[in-house]
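This report concerns only the one structure given below.
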Ligand code: CTP
């Protein structure tokens, strides 16, 4: 899919710039051509020689390099590629992009290009979370710029949190998706997945048997059709897919918060098996046996219904809201009632009775309930169910 494609790779100044050397190798292995551009600050982290040697191309560094202007002007350079990738993208470069500034070669190319732009941010967690950066990111998303990452994790500066540049395989997947220009390109979709964990005390929790497999397949399929996917996942047993923005949560309330923070979106798919109840009197310390033989009395409080909350939004509701219905009997009737009660557009209903082997298994048998009626699909792998659903979502958003 990458063979013969040309990527204009803009490297700005961050410690993550070293990962770009591997990215260039992987792109070239797949037959893509890479035209490297670097900012002055990037030169503090990787050398121009490393970039040009790996890319097998001249590295472009200066706006006023007249030889380059004679050979290839910056306007031409900005359009000579199939895709523009910025990795790593610093807070400063994002700010320049959002503000339309053009005071060096990288920012000028980004302003002049008529090609799709994919950005892999990398910065300190506080810089990423700063309202100014978040405003810039929202502006750029509105301009149609696609994002991959940042990921959460240990940072070179010793802090922990979102800000690490996405890993090379994730960037490759995002590049493929961006180049594929699938039917969901430019669309943003939020997907919830996995179980939630509701604490009883700091070491115990209430959970359910969801593996997160179906939600993960759906997120992967949507990203494969070009969507920008925010994947809000509880503690699942299957790893999250590449090429999506992963937001990890534990409880239903955290999941709701993460979903709300990910909006606005064109569509939202709620595949998570959210706990309906949480322990209202969860203990701050590990509960101990008191010697009386009496079990502690747990009190429960109802969790927020994430699907119903989002489907019921009076402003900023995603155009398509898809819920799941996990039932053990009278599947279709319960699912239809659930669709009405939660005011979502579609319900994907499945029978999760243990005998079906669906929960935690590799296959699923679903009935899709829409305003037009109910459609039962044959028993398929979860990947196939996801593929069909993603296709239907693409049609609905077209
Ligand atoms: N859901 C949600 N938030 C909750 C509970 C459920 O977003 N607190 C979503 C699920 O992700 C799913 C749909 O609602 O898309 C239905 O979940 P399900 O567990 O089948 O239904 P419940 O709401 O628990 O209803 P019931 O108890 O009647 O089965």
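Cβ atoms here come from the backbone N, Cα and C positions, even for glycine.
All annotation found in TrEMBL is predicted automatically rather than curated by experts.
The active site, proton donor annotation in TrEMBL covers 157. Residues annotated as CTP binding site in TrEMBL: 276, 286, 304, 305, 306, 307, 324, 338, 342. According to TrEMBL, the feature domain 'Flavoprotein' maps to 5-176. Annotated domain 'DNA/pantothenate metabolism flavoprotein C-terminal' per TrEMBL: 184-395, in sequence order. Here TrEMBL flags 1-188 as region 'Phosphopantothenoylcysteine decarboxylase'. Annotated region 'Phosphopantothenate--cysteine ligase' per TrEMBL: 189-398, in sequence order.
When secondary structure is read from DSSP and collapsed to three states, residue 324 (CTP binding site) falls in the strand class.
Spanning the listed CTP site, residues 276, 286, 304, 305, 306, 307, 324, 338, 342 have a farthest Cα to Cα distance of 37 Å.
Taken in sequence order, the recorded positions 157, 276, 306 that lie near ligand 1, meaning a CB under 6 Å from one of its atoms, are 276, 306. Across the domain 'DNA/pantothenate metabolism flavoprotein C-terminal' (184-395), mean pLDDT in this model comes to 93. Under 8 Å, Cβ to Cβ, and six or more positions away along its own chain, residue 306 (CTP binding site) finds 192, 252, 255, 256, 259, 270, 272, 274. All protein chains considered, the CB of residue 276 (CTP binding site) has 13 other CB atoms within 10 Å. Within 10 Å of the C-beta of residue 324 (CTP binding site) we count 26 further C-beta atoms, all protein chains included.
Here residue 157 (active site, proton donor) is positioned 39 angstrom away from residue 276 (CTP binding site), judged by their C-alpha atoms. In the structure as shown, the Cβ atom of residue 304 (CTP binding site) sits within 10 Å of 14 other Cβ atoms.
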